[in-house]
Amino acid sequence: MAFPRLASIFSRGSRYRPFLRDFSLTLFGIATWVPVCIFINQHVGELTFINGASMYPYLNTGYNNSTRKDIGYTSKWNSFHNLERGMIVTFWSPDHPEVLAVKRVIALPGDKVYTRAPYPYPTAIVPSGHVWVEGDNRDREASKDSNYYGPISMSLITGKVTHVLYPWSSFGSVKWWEFKGKTRVIKARE
């Protein structure tokens, strides 16, 4: 026998059996929940840590006073369906594909946007399957958004930030419908 010591543990039995039974049940329990957790994270929702100044003042209200990050809940269910102007979305940055960015939807397909520098043209019409996103911070240096890289493809959107979980003073649902943007947008005919 290749492992005589291991065989003797199993044959002696009574002293090690409760430990082996408990260990195998725990391992089985963990192994069965791992796919469930992965599915939830990929398709239902996840916690999003929001840092930086681009969404100031709505998110990260204390970005220049502390190093804390806001924590939001991002719904991934139908992430780029039923988008509306003002919603806050997470998406893979076109500039740095490994970075998950958080911005606000300003314009939908067919809308005409009056852009800001560094965008090379004074206006842009959002093509089909794309959206125009901007950070809430009006400082050009604080937010790399569609004024920097143009409209983003809806396929880059990973979810909608629906709730702020931390800090406690901001706890609650994201009231995107109350957003009054400063970027001038002419809505497409529906």
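The backbone N, Cα and C atoms fix where each Cβ goes, and this holds for glycine too.
TrEMBL has this to say about the protein:
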- 32-115: domain 'Peptidase S26' (DOMAIN)
- SER54: active site (ACT_SITE)
- LYS103: active site (ACT_SITE)
- 125-165: domain 'Peptidase S26' (DOMAIN)
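Straight-line distance linking the Cα atoms of LYS103 (active site) and SER54 (active site), rounded to a whole number, equals 8 Å. Note on the domain 'Peptidase S26' (32-115): DSSP counts are 13 helix, 28 strand, 43 coil. In sequence order, ALA101, VAL102, LYS103, GLY135, ASP136, ASN137, ALA142, SER143, LYS144, ASP145 are the residues of the chain that are 6 or more apart from SER54 (active site) and have a CB within less than 8 Å of its CB.
Across the range of the domain 'Peptidase S26' (125-165), the DSSP-based residue counts are 7 helix, 17 strand, 17 coil. Cβ neighbour count for LYS103 (active site): 26 (other Cβ atoms within 10 Å of its Cβ, all protein chains included).
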